[in-house]
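Copied over from TrEMBL, here are the features:
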| type | residues | note |
| --- | --- | --- |
| ACT_SITE | C8 | active site, nucleophile |
| ACT_SITE | C11 | active site, nucleophile |
| DISULFID | C8-C11 | disulfide bond |
| DOMAIN | 1-85 | domain 'Thioredoxin' |
| SITE | D2 | site 'Deprotonates C-terminal active site Cys' |
| SITE | G9 | site 'Contributes to redox potential value' |
| SITE | P10 | site 'Contributes to redox potential value' |
Amino acid sequence: VDVYATWCGPCKLIAPMLSRIAQRLGCEARVCKLDSDAEPDLSSELRVAGLPTLLFFAEGREVHRLEGVPGNEDALAAIVREHLGVEV
């Protein structure tokens with residue numbers, strides 16, 4: 001889950017990376033977006049403290065959380081592989 005806000009500069013930087021990763025994942029995993037301004041209660045329930053925040057879930061459980069922008073797309077792909085066990 002990509003937790004973002006429309007005014008967030010770093011969120012705009014990560015968006016194209018996530019889009020490419022989502023295409024490469026195909027049906028192995030799903031990338032969802034959550035606008036923290038439009039859904040403040042859900043953002044609070046998920047304990048989002050900063051933007052962007054990427055939440056990784058496997059079998060309904062949060063398995064990893066990343067706040068901020070990863071170094072590059074390869075670093076993000078490595079996180080997906082490590083925590084979700086899918087090849088990107």
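From the backbone N, Cα and C atoms, a Cβ is placed for every residue, glycine too.
Taking the features listed in TrEMBL, we show where each one sits on the structure.
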{"residue": "D2", "record": "site 'Deprotonates C-terminal active site Cys'", "CB count, 10 Å": "20"}
{"residue": "C8", "record": "active site, nucleophile", "CB count, 10 Å": "17"}
{"residue": "G9", "record": "site 'Contributes to redox potential value'", "CB count, 10 Å": "10"}
{"residue": "P10", "record": "site 'Contributes to redox potential value'", "CB count, 10 Å": "15"}
{"residue": "C11", "record": "active site, nucleophile", "CB count, 10 Å": "21"}
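Put simply, D2 (site 'Deprotonates C-terminal active site Cys') is 9 Å from C11 (active site, nucleophile) when counted between their Cα atoms.
In terms of DSSP secondary structure, the domain 'Thioredoxin' (1-85) contains 35 helix, 19 strand, 31 coil.
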